[in-house]
Amino acid sequence: MFNNLTERLSQSLRKIINKGRLTEENIKDTIREVRKALLEADVTLSVIKKFIQNVSKKAIGHEINKSLTPGQEFIKIVKNELILSMGEKNHDLNLSIQPPAIILVVGLQGVGKTTTLVKLAKWIKEKYKKKILTVSTDIYRAAAIKQLQILSDQVKIDFYLSDTTQTPINITKEAIEHAKLKLYDLLLIDTAGRLHINTEMMNEINTIQNISKPIETLLIVDSMMGQDAINIAKKFSASLSISGIVITKTDSDARSGVALSIRHITGKPIKFIGTGEKLHQLEPFHPERIADRILGMNQVISLIKDIEEKVNQSQVKNLTKKFRKGDDFNLNDFLIQLKEMKNMGNLNYFIEKFSKNKILSNNPLLGENKNTLNRIEAIIYSMTHKERMHPIIIKGSRKRRIALGSGTKIQDVNKLLKNFDNIKKIMKKIKKGGIGKMIRNISNILPKNF
């Protein structure tokens, strides 16, 4: 969803990155290119106008942070405005109420409403350890009730079986009573969608909302609908008390205008985004992380977070110690980390995250599959202990011997050594000035083909 905007903004901001100072003249072309990028992303015109005005005002005559170049400062201003457009901070679910807390899920037909409800139930169950019940009030769409039942069963969440001969109002009342009787912490109510908004639909949802008194009413919108999604959200917000928005299908090729516009237009926070079809692919919406993603900065941070969830804490601590001791990190340590990566199970998931980053996508250490890591392992195993501890001694004849012993080419050995050296440089930056300083200087550390 954000890839096209990332590409366009990267092209626009590249022109200003090395400027000695920010002036109205030298940012004019960049501002124009940023505006075009936002238009192509289908961002609402009123949002673009405000965005460009704020960036221009803050950039010209802005006091530059001494640790940043003017170009970096401009990118920081753009990032901050992206965050402001999307809502500044993450808005968590409000579950602080006497059980059962009720979440009402609304939206048009075909936006992924039922699937999103189950994803949300799964996420809440795993994070908060709640006892959860789901129910469908959609008596109009064929197999809607059965769909929710099947999906709920897949994630081992209880389902209240309703009947198409009942009214949505009666189903709601009965499900609430059942949730109270069986001491459920949370009840998620799926409502009927329509192909378009109409008075009958809104009246029904309003009645369900008045009866159930939900602590959250979440509007589900499809990112692929573009400006139509914005208009639909506006109409729902005018008719219902919406507490938040969930944007689905953000893994698609849809333009990113919905995410950048919907908060400004509706005044309602984006609470979650759907990142794929599978039932675990739902993420809390963090404006700062999305801004980093749009500007191409988030892959490393996101990968570290995912790795922390995959490995045990002792492994994380050991990795962190080595990571901070840049001078002590050698090819033996690197080999251990390669083995851990291979043992994580879902290696392709991590590689995919890196492959989306323009800076890192050409890195031979992040090959296409496990075979690449096997090849790197073979190169390191063909080295002597001394060579692994002190890679600097590996010159012409040693490289030929290592390539021959590992069944690879000298170029492969050169690439491994070059990229290992880059990793050590990054670690030294972290050791000296912390991660923040390393990120600010990352463009000076990495070669263009890294």
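The backbone N, Cα and C atoms fix where each Cβ goes, glycine too.
The GTP binding site annotation in Swiss-Prot covers 107-114, 190-194, 248-251 and is backed by sequence analysis.
Taking a C-beta cut-off of under 8 angstroms and a sequence separation of 6 or more, Thr191 (GTP binding site) has the following same-chain neighbours: Leu104, Val105, Val106, Lys113, Thr137, Asp138, Pro168, Glu204, Ile205, Ile208. Listed in sequence order, Lys113, Gly193, Leu219, Ile220, Val221, Phe236 are the same-chain residues at least 6 apart in sequence whose CB falls under 8 Å from the CB of Gly107 (GTP binding site).
Cβ neighbour count within 10 Å across all protein chains ranks Lys113 highest among the binding-site residues Lys113, Arg194.
Thr250 (GTP binding site): 22 other CB atoms within 10 A of its CB, across all protein chains. Using a 10 Å Cβ-Cβ cutoff, Gly110 (GTP binding site) registers 12 neighbours. Under the three-state DSSP scheme, Lys113 (GTP binding site) falls in the helix class.
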